[in-house]
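What follows is one structure encoded as C-alpha cells, with my remarks underneath.
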Amino acid sequence: MSTSQPSQQQNPEQVVNDIRQKIEKERKIIQGFNDVKRNTNNPEVIQKWKSKIIESQSMIDYYQETMNKLTRQMQRLNTNSSSRTASRSSVISEYKPSYSNFDLIKYECPSLGNKIQFMLQYLEFKLQVENKYSEANKKLSHLYLMDGDKSSSNAAEGGRAESDQRIQLLEKALKKYQKFSINDHEFDRDYEIMDSTKHSRKLLTGRLTVSITCIRDVDHIATALAKKRETVVVIKVDDLEKARTKPSKNDNWNEEMVIDVDKSHEIELAVMDKQNGIYVPVAVNWFSLFDLAEEIRKKKVAKDQGSSGWLPAANLPQTGGSGAGTGSSMTGGASYGATSPLPAHNDLRPSVSPSSDAKENKVSVSTWLSLEPGGQMLINLNFEKSITNGKQFRGPLGRHGAIRQKKEEVFEKHGHQFVQKQFYNIMSCALCGEFLRYTGYQCQDCKFLCHKKCYQKVVTKCISKSGSDYDAAQLNHRIPHRFEPITNHGTKWCCHCGYILPWGKKNVRKCTECGVMCHAQCTHLVPDFCGMSLQMANEILATIESTKVSPKKAQHQQSHAKPLPPKPPIESKPSMDSEETLHNEPSYKSLRPASVVHQDTNFVSKLPTTVQNKYQEPVELPPQQQNQVVPSTRRRGHGSTDLSFETGYGQQQHQHHRDVPQIVVEDHQHYNSNDNRDVEMEESKDEFDNFDYNNKYTENEILTDVQQDQVRSPFADQIQGVPETSHAKQQNQQVQQVQQQEELGHQRTHSSGKSGKSKRRKRKVGLDDFQFLAVLGKGNFGKVMLAESRHTSKLCAIKVLKKDFIVENDEAESVKSEKRVFLTANKEMHPFLLNLHCCFQTENRIYFVMEYISGGDLMWHIQKNRFTAKRAKFYACEVLLGLKYFHDNGIVYRDLKLDNILLTTKGHIKIGDYGLCKEDMWHKSTTSTFCGTPEFMAPEIVAGKAYDRSVDWWAFGVLLFQMLLCQSPFKGDDEDDIFNAIENDEVKYPINLSRQTVLVLQALLTKDPSQRLGSGPKDAEEIMEHPYFHDVNFDDVLNCRIPAPYIPEVQSEHDYSNFDKEFTSETPRLTPVETVLTSEMQEQFRGFSHISDNATI
C-alpha cells in the first residue's frame, strides 16, 4: 500500500468528475438501504440501515461542499495571473478549522474533512504498531518453543493472534477512509491536521470515571440463531487492561467504572465478541487522556462564562462599529475621571471554599463516540487530574510563583548540543530509524533526534557550527539529495527531527533518488549522504579510524621518545561566564567610541581571569618582592584600583553612563603586613580557606569627589589575592590609562581641587548590621524579609537566597544579572522601579538589601477591593513607563504580575523582583528560556519558541485584564490547563465593557508576536499612542504630578499590615543550612557585594 504519491495530480475538472461519481454512488447506497428497510421487520437491521443512510447523507454533504469550493476556485483560476494568485491565497485561507482530536472521534464530528485526514494518518500509525507487535510475538513464540517453554510460547502465540485480528480491523477501517478521501492537495491544505502543542503529550495522573450506556451499528460476529452472542467492552490504559464490562446480549450496559491512572497517556475502548470461548475484537477506538482533560476544561470555561454575557471581541457590538457601550461611563474607555465599578462576574466569590467549588465545577463529557471500522458507543467520561504541586489556578485571583526551566545537561558531539528530552508520542531515531519512545537526545540547535545509545555514533557536524569549529570525521561521500514536494498519504517520520510528517503536500519533501522524507524546513539540515544511511556512514568511519593512527597519537609517541624541556605554566581557557560575556559584547560595543573599544579589547587579551589565576602555579618571588606583595588595606585603598570580577557588569557600566559614582565594597582576603612570608604564600595558593563570608573585613570606601568620579574597572576582584608582581604593576598602569581615557571621553568634568590623599570613612557591611522584623513574601527562588538597620534605624526589605540552591540550579549568572538590573534601575532613580541599597553575602546565602515599600502589593489590594476603571488605568500607566525604561536599557522583565507591583505610601507603584530579567534584549533580539508565571506567559514562550521583548506587552495585557475585571483571561486547574488555554483559547470580554478598553486588550493579547501592540521599533510608544490612553499626559505620570486615586493606610513606619498574613505570620528567621560549599562553588559569588551611592542604611 502506497503511503505517498508523486506531486503530479489530477486537474480540477477530473477531481470534480470524481466527486460527482462519489455523490452518485452514495445516493444509490441510500436507495438500496431504503429498499432493504422496507422489506424487514428486524429492529436491529432497521436501526443499522438508518445509521448507514445518515452516514451516506453526511458524505454527500461533504462531497457537495468540496465540489462547490473547487468550482469557485476554478472560476477564479480562469482570471488573469495576478488575480489568480490573490484568489488562491484567499481560497486557502478562507477556512481555518480549530478542532481538537477528541472532536474528530465523535460520531457527530463538526468537520468530516478533518476527521478523514486525521483517521487516515492515525489508523496507518496504529497499523504499523500492530504489525510490529505481531512480528515480535511471532519471534518470541519461536524462541520459547526452541527452549521447550510451551506455556510461554502459547502466550506469545495468543498475543500474535490478537494482533492479527486487530490488523484486520485496522485495514478495513483504513480502506473505508481511503475511499472517502479526495486526492487533491489543495484540500489537504484546508483540512490539515493541527500540530499538537508541547503540553498535549504529557503523561497524566488522576481518576478516570467511565460509564458505558450502549453501543450500536457494530458488525458483530455471526452466530447461530439459537445461540445469543456475548459482548463486552474492554478498557485499556496504555495497552494494559484496567476494566471490562459484564457480558451483554443486547449491547446495553449500565455500568460505571472508576480507574486510577498513574502517568498514563492513551485510553483504548475495545468491543469484543465471544467466539469459541475466546473474546475477539470487533470494534475499537482510542483517545488521549490529555484530549479528554482539554475537553473537560473547555466545558468548564464555557460554563463559567456562558451565562454571564461574555463574548469574543469579534462578537461584541461595540467592537463591530457601533462604538457605544452599555453604560455611559464606560463608553469613553476608562478615563481618569471614570470611577464606576466594572461589570460584575459570577466567578468572583471570595467566600467559596476550594472543595465546594470543585464539586460545583465537576464536569463530565457525554457523547456518541465513533468505533472503527464501524459503529458508535454512547459513553459518559470524567477525569479528575491530580494536582501534584498543589497549585490551584481556578477561582479568584491568587498568588502563583514563577517557574524557570532548569538548565539541561549538554552532551556535545561534532558541534551538536544534545540534551535529553521527553516525548509522549512515537518518534523516529534519525540515525538508526527505529522507534523512539518517551526519551531521546535532541540537538538544541538543529533539532537532530536520536537514541541515547546512538548520539555517540553521529558522524555529521551540527549545521549551526562553522566547518572549522569542530574536527568531525569526514567522508568523501558528498552526494546531495534531490528533495521535491510530495503528497503524503500515510504515516512517515522526518529523517532529521524524528517527528511524524503531516498529511498532504504543504510541508513534506522526498528525495527522488534515495526516497528519504523530511519536513520542508529540515531539508537544509539533512547531510549530503544520498544513497547512504547515517548508520552505514558511522560503520565506515569506525572502520577507517580503527585502521589508522591519529596525528595526536603519533605526537604522543614522539613526545615519549624524546624528553622535552620544561614548559611554562599553561593558562586554562576562560570560564563560561567570561565567554558568554565576550560573546555578547559586540552589541554593546556599538555604544562606545572606537578608541575606548580598542583599549578594552587589548586589556582583555592581557589580563588573566580569576579562573586562570585559580589554576596557575604559584610564582616564586625574591624576598624583596614578597615584602612588596603584602598589601595593607590603607595603601591599597589609594594606590591601586579595586577590580570587579563581574566583567559583564563592568562592561555594561562602561557602555552606559560611566559618570555614575559608585561605592565599592571590597570582597578580597584580609592580609596582615606582619604575618610570616610562608603563611602569606600559603594563603595566596588557597584563598578560600579563610574566605571572608561574613564580610568581617569588608570595607565600604566612600571616595572623595574626585575619586568617586572614577569609573570602576570592568575586571574587579579578578586578581585579588594574587601576588603583585612587576607584571601585575604594569597591568595596573594599563588599567589606570584606560580609566583616564574613559574619564576624558565619557565622564563629566568636575572642578575639584581636593587632594587624592584625603582620608576615607569606612564601615562594615554584613548580616549583623540588620535586625529582621517580619516576612514580607516568599517565592520559588527565595524569601523577602523586613529588616531594620542597626546603625541608622532605617527600614529595608532584604531578599535572601541560598547559595546551594543557586549552585544546584546553575543560577549564579542569573543572580549577577539581577544585581546589574538593580544598578540599572538605580542609575536614574526611576520613580516606578524598586531601588537597591546594597548587597552582600555570607557563607551560605546572598542578600539584596532593597528599599522598603510599605503599601503592600497590588495582589493584596485587589483581593480586598475591586479596582475602579480609573485606578486600574492609573496603575497601568505607571507600569507602562517602568517597562519602557527597562526596554530602553535593553532589559526584558518577563515576570510582570500583581504580586510584583508594590504600592508606595503616596499611592504610586514600584515594580520589584528582577530575578527573571534578561539583559541585552534590544529590538529584534530574541531568547528562548522557558520562564515566567504561567498565567502571564506569552504563547511563544509556552510553545518553546524564540521570543523577543514583546512578551512583556502580552503580560501587560494580562495584568490590565486582571485589574479591570478581577480575573484572569485564561483559566484552568493547573499549569498545563493554563498553557493550553493561552495557546488555543480566544479571550472573551463582558458585553458592556467599553470599546477602547476591549481594543487595547485585544491588541495586547494578540497571539502572533509580530502583530502585537508594542512589538515594533517604537516599543512602548505604540501603546502610549493607543486611543485608550488618549487622555493621559505621560510626562505628568512620570513626574508623579497626577494625584493617586488610592492612598494605602499605613499606621506607622513599622506597619506591615498591607502584606499578606500568610507571610507576615511566619517567624522572621533564617533556617539552618547544612550544605557545605566548596571553594569552586564560592568562586561563583566573587564580587557580589556592593553598596549603592544613595544607600540610606
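Quick reminder: no glycine exception, Cβ is built from N, Cα and C everywhere.
Cross-referencing 415-462, 847-894 with Swiss-Prot places the feature zinc finger at 415-462. Each residue of the domain 'C2' (189-311) gets a DSSP state, and the totals for helix, strand and coil are 20 helix, 62 strand, 41 coil. Cα of Gly782 (ATP binding site) to Cα of Asp895 (active site, proton acceptor): a span of 15 Å.
Counting only the Cα atoms, the space from Val784 (ATP binding site) to Asp895 (active site, proton acceptor) is about 16 angstrom.
The 10 Å shell around the Cβ of Leu776 (ATP binding site) contains 27 further Cβ atoms across the protein chains shown. Local packing around the Cβ, expressed as the count of other Cβ atoms within 10 angstroms, is greatest for Asp895 among the recorded positions Lys778, Gly782, Val784, Asp895.
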